[in-house]
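J.: Before we start, here is the structure in question, set down as structure tokens.
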Amino acid sequence: MRITSAIASLLLVGTATSLQNPHRRAVPPPLTHRSVASRAVPVERRSNDFEYLTNKTARFLVNGTSIPEVDFDVGESYAGLLPNTPTGNSSLFFWFFPSQNPDASDEITIWLNGGPGCSSLDGLLQENGPFLWQPGTYKPVPNPYSWTNLTNVVYIDQPAGTGFSPGPSTVNDEEDVAAQFNSWFKHFVDTFDLHGRKVYITGESYAGMYVPYIADAMLNEEDTTYFNLKGIQINDPSINSDSVMMYSPAVRHLNHYNNIFRLNSTFLSYINGKADKCGYNAFLDKAITYPPPTPFPTAPEITEDCQVWDEVVMAAYDINPCFNYYHLIDFCPYLWDVLGFPSLGFGPDNYFNRSDVQKILHVPPTDYSVCSETVIFANGDGSDPSSWGPLPSVIERTNNTIIGHGWLDYLLFLNGSLATIQNMTWNGKQGFQSPPVEPLFVPYHYGLAELYWGDEPDPYNLDAGAGYLGTAHTERGLTFSSVYLSGHEIPQYVPGALTASWSSCLVELIVFPRRGTTPLNFS
């Protein structure tokens with residue numbers, strides 16, 4: 001089946017009632033105003049019986065009641081530096097949060113941010129950690145949608161030179177990254193006695209390079225004592241060339257969202273003409289068909305005259321000086337941000353650059369920045385995009401891979417991910433054989449009822465959205481999930497959708513949901 005408009009492949013929801021508000025289909029009409037008596041609450045982690053506290057781990061223990069600015073007990077966690085030797089010559093910083101979920105006793109989940117050179121503490125503090133301090137908020141708050149409610153999670157700054165991990169970097173390509181990471185991971189497993197645990201690797205953005213290469217190296221070890229890999233998830237990932245991920249989809253995406261961009265008709269005519277002339281639209285029309293075409297089209301070259309993404313972004317700044325390509329619906333003023341990312345307005349300080357924060361995390365005085373100015377790859381990343389290399393093999397060997405993408409990301413585009421998938425061959429076939437249009441449903445929860453009646457939920461961020469939030473399509477061990485209202489960081493913008501998605505990966509089945517998307521209480 002051919003779909004001539006690239007965006008159209010995800011606009012089709014495939015239901016007879018598509019004109020009905022999809023967010024209300026599963027909601028019965030209210031009868032009377034009633035209070036919600038029973039409510040789920042965020043996990044309160046106040047036990048002194050720390051499961052992972054041993055003589056080996058005591059030096060990493062973080063006092064969960066003394067984290068600066070955090071006025072609640074974060075519970076058991078461990079942070080510090082472990083060596084990445086023998087393949088590396090430095091150490092990597094980690095912050096490990098055990099879960100109170102009894103179903104998580106035999107697994108460990110790894111979270112990696114991208115960059116290259118961006119700290120995974122960004123993911124912890126503003127996306128899926130047990131406490132959040134997101135842009136525009138006054139102070140840290142508990143995160144009812146923390147992934148630690150589902151599983152044990154470790155956030156790692158890697159490669160060396162990223163975040164709290166001391167440099168200089170000595171990696172030249174993704175094979176070096178994987179070798180140094182897996183050397184570090186063996187030290188981590190030995191320290192916390194995690195031998196034989198099921199391992200899941202997750203991340204976003206440039207982690208679309210990191211995760212498949214690390215996963216491939218783990219599987220190649222054939223050593224389930226340390227590398228019992230069971231699945232991966234990569235969101236808004238860098239998995240192909242810039243031509244496919246950024247430039248070919250840029251103008252089609254602008255057209256779809258120009259009610260937000262509000263660029264004038266003269267510019268639209270000019271930039272659409274350039275996209276046609278450069279071959280971007282023709283490439284998408286051929287690439288995003290189901291099943292994929294044979295032969296598959298070659299992505300256009302990015303010449304000096306074909307840098308359409310750059311021109312769109314420059315024009316967007318003229319209309320909206322606070323345009324944020326990580327989340328294209330941001331407007332002025334910038335939200336102040338303790339990290340300065342992904343909101344572009346810096347706050348009064350850099351939280352992780354504070355000496356009291358660094359002391360409690362057991363790191364030496366460090367000039368921390370969320371995305372390091374240190375060069376990670378001195379001569380550029382020498383590896384091919386992961387979709388050309390290890391990603392298809394990882395899909396085949398785990399049969400449990402999720403690629404997620406937010407529609408409101410204007411840096412790496414969902415149609416870039418789709419075009420990439422259609423050019424990959426795994427488990428005997430190339431690409432998806434049918435369009436990825438099945439709706440992703442996230443269950444409703446009590447907090448939304450409080451909002452309906454005008455009550456103030458407690459805590460407010462409990463009220464992540466519910467209903468039909470995107471699409472989720474699975475073929476031959478690969479799931480592609482799109483999220484309508486998310487930018488580059490899905491756990492930050494639409495936590496319920498990402499929690500549902502990751503919950504499915506943990507049981508090696510793509511079923512929505514498994515452990516739930518409402519706040520969990522295992523106490």
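Any Cβ shown, glycine's included, is placed from N, Cα and C.
Okay, these came from Swiss-Prot:
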ACT_SITE  Ser205  active site
ACT_SITE  Asp409  active site
ACT_SITE  His488  active site
CARBOHYD  Asn55  N-linked glycosylation site
CARBOHYD  Asn63  N-linked glycosylation site
CARBOHYD  Asn89  N-linked glycosylation site
CARBOHYD  Asn149  N-linked glycosylation site
CARBOHYD  Asn264  N-linked glycosylation site
CARBOHYD  Asn353  N-linked glycosylation site
CARBOHYD  Asn399  N-linked glycosylation site
CARBOHYD  Asn415  N-linked glycosylation site
CARBOHYD  Asn423  N-linked glycosylation site
SIGNAL    1-18  signal peptide
J.: Compared by Cα position, which of the recorded positions Asn63, Asn89, Ser205, Asn415, Asn423 is the closest one to Asn353 (N-linked glycosylation site)?
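T.: Result for Asn353 (N-linked glycosylation site): the nearest of the recorded positions is Asn63.
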J.: Cβ neighbours within 10 Å, counted over all protein chains: which one of the glycosylation sites Asn55, Asn89, Asn264, Asn353 has the most?
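T.: Of the glycosylation sites Asn55, Asn89, Asn264, Asn353, the highest Cβ count within 10 Å belongs to Asn353.
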J.: Taking the Cα atoms as reference points, how far is Asn149 (N-linked glycosylation site) from Ser205 (active site) in Å?
T.: 24
J.: Where does Asn149 (N-linked glycosylation site) sit by DSSP, helix, strand or coil?
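T.: Note: Asn149 (N-linked glycosylation site) is helical by DSSP.
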J.: Using the structure shown, find which entry in Asn63, Ser205, Asn399, Asn423 (the recorded positions) has the sparsest Cβ neighbourhood within 10 Å.
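T.: Sparsest of the recorded positions Asn63, Ser205, Asn399, Asn423 by Cβ contacts within 10 Å: Asn63.
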J.: Within 10 Å of His488 (active site), Cα to Cα, which of the glycosylation sites Asn89, Asn264, Asn415 are there?
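T.: Passing the 10 Å Cα cut: none.
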J.: If I restrict to non-local contacts, at least six residues apart, and a C-beta distance under 8 angstroms, what lies near Asp409 (active site) in its own chain?
T.: Asp236, Tyr325, Tyr326, His327, Leu328, Ser486, Gly487, His488
J.: So how many other Cβ atoms are close to Asn149 (N-linked glycosylation site), meaning within 10 Å of its Cβ?
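T.: A count of 26.
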J.: If you measure from the Cα of Asn89 (N-linked glycosylation site), which of the glycosylation sites Asn55, Asn264, Asn399, Asn415 is the nearest?
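T.: When the Cα distances are compared, Asn55 comes out closest.
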J.: Quick one: what's DSSP say for Asn415 (N-linked glycosylation site), helix, strand or coil?
T.: helix
J.: Let me check the 10 A CB neighbour count of Asn415 (N-linked glycosylation site). How many other CB atoms are there?
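T.: For Asn415 (N-linked glycosylation site), the count of other Cβ atoms within 10 Å is 25.
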